[in-house]
Amino acid sequence: MVKKQSPLHVVGVSVLMVLLCSVNYSLCEKIKTYKLTRGSLSVTFTNYGAVMTSLLLPDRHGKQDDVVLGFDTVDGYKNDTTYFGAIVGRVANRIGGAKFKLNGHLYKTDPNEGHNTLHGGSKGFSDVIWSVQKYVPTSHITFTYDSFDGEEGFPGNVTVKVTYMLIGENKLGVKMEAKPLNKPTPINLALHTYWNLHSHNSGNILSHKIQLLAGKITPVDDKLIPTGEITSIAGTPYDFLEPREIGSRIHELPGGYDINYVIDGPIGKHLRKTAVVTEEVTGRKMELWTNQPGVQFYTSNMMKRVVGKGKAVYEKYGGLCLETQGFPDSVNHKNFPSQIVNPGESYLHVMLFRFTAH
């Protein structure tokens with residue numbers, strides 16, 4: 001027999017839920033999926049992690065394929081360790097020693113990768129439920145999240161907003177915004193999409209050609225923490241100033257590519273062309289512009305037998321990431337562009353993708 005709950009108990013639960021929702025609205029949000037479509041471009045999202053779950057593109061013959069690695073269900077993203085398609089933050093990439101000093105105060109962040117912090121900690125922005133502020137299926141969707149003071153060790157309350165927008169017939173814009181409300185804090189958001197322009201389930205990306213318009217990198221130690229140097233890529237396997245296959249020199253590196261490139265040209269309000277990726281079999285081409293100083297080029301070196309969409313098995317080198325960003329661990333390197341944003345100031349990160357097929 002099921003014990004009937006008293007009206008007082010029901011009222012108590014309701015009051016508790018109202019209080020919880022007032023503290024953290026995301027607790028009361030439902031996880032849903034959303035789709036943007038215009039012409040031959042179709043992109044889907046979920047408000048869990050503000051994740052881009054798929055992107056359908058035609059090849060040179062008009063055949064549509066999904067070129068984004070991911071999962072069929074939200075549960076896949078909840079248990080994900082690869083950050084497929086997610087918005088990562090409050091500080092993307094790594095913070096060495098999971099700590100930094102700001103205005104004389106030592107902040108300790110969540111050490112979720114050994115002694116370091118990766119992509120905001122154990123429960124960064126990729127693992128929270130975002131609110132949907134606006135959704136127009138033929139145009140754009142805007143996700144919002146309120147990050148609280150002390151979340152994963154970061155100071156201050158911060159309002160965050162991410163808008164995905166279709167531009168024309170073949171462009172996808174991504175605008176990431178954030179505002180600190182009461183304390184200075186580091187902010188460095190990134191979109192962690194894994195691309196395979198042949199199709200998400202077609203094997204590795206080693207035959208893709210890439211051009212990176214960046215003549216320098218920020219070298220790292222064996223834990224992938226920057227040393228603080230900024231060095232030229234001339235004569236090294238990192239040189240993609242001219243287009244060449246990703247796999248052409250990858251054997252010269254331990255594991256593959258996972259490095260921050262310093263994008264050429266002055267940092268300012270204007271977007272700079274950052275990368276061009278082409279896939280010869282399908283004829284697909286992806287161009288990327290951004291207003292950020294760096295881009296992390298990652299060839300999914302640590303991926304191993306991840307079961308994804310349609311029971312596809314993703315292996316090492318199964319996708320490539322181009323995460324435009326501030327430099328990794330900049331909070332601990334004064335010579336890197338600062339990621340500190342003060343109350344009254346705004347953080348703005350823009351990406352623009354252009355897709356074609358020839």
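Glycine too: its Cβ is placed from the backbone N, Cα and C atoms.
Taken from TrEMBL as is:
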type	residues	note
BINDING	Asn93, Arg94, His192, Thr193, Tyr194, Asp258	beta-D-galactose binding site
ACT_SITE	His192	active site, proton donor
ACT_SITE	Glu323	active site, proton acceptor
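Sequence-distant neighbours of Tyr194 (beta-D-galactose binding site) (same chain, six or more apart, CB under 8 Å from its CB) are Val68, Leu69, Gly70, Thr82, Phe84, Gly85, Ser300, Gly318, Gly319, Leu320, Cys321, listed in sequence order. Residues Asn93, Arg94, His192, Thr193, Tyr194, Asp258 are listed as the beta-D-galactose binders, and the farthest two of them sit 18 Å apart at their Cα atoms. Long-range Cβ neighbours of His192 (beta-D-galactose binding site) (same chain, at least 6 residues apart, Cβ-Cβ under 8 Å): Tyr83, Phe84, Gly85, Ala86, Ile87, Val88, Ala92, His119, Ser126, Cys321, Glu323. Just so you know, the Cβ of Arg94 (beta-D-galactose binding site) picks up 22 other Cβ atoms within 10 Å once every protein chain is counted. The recorded positions examined here are Asp258, Glu323; by Cβ neighbour count within 10 Å, the least packed of them is Asp258.
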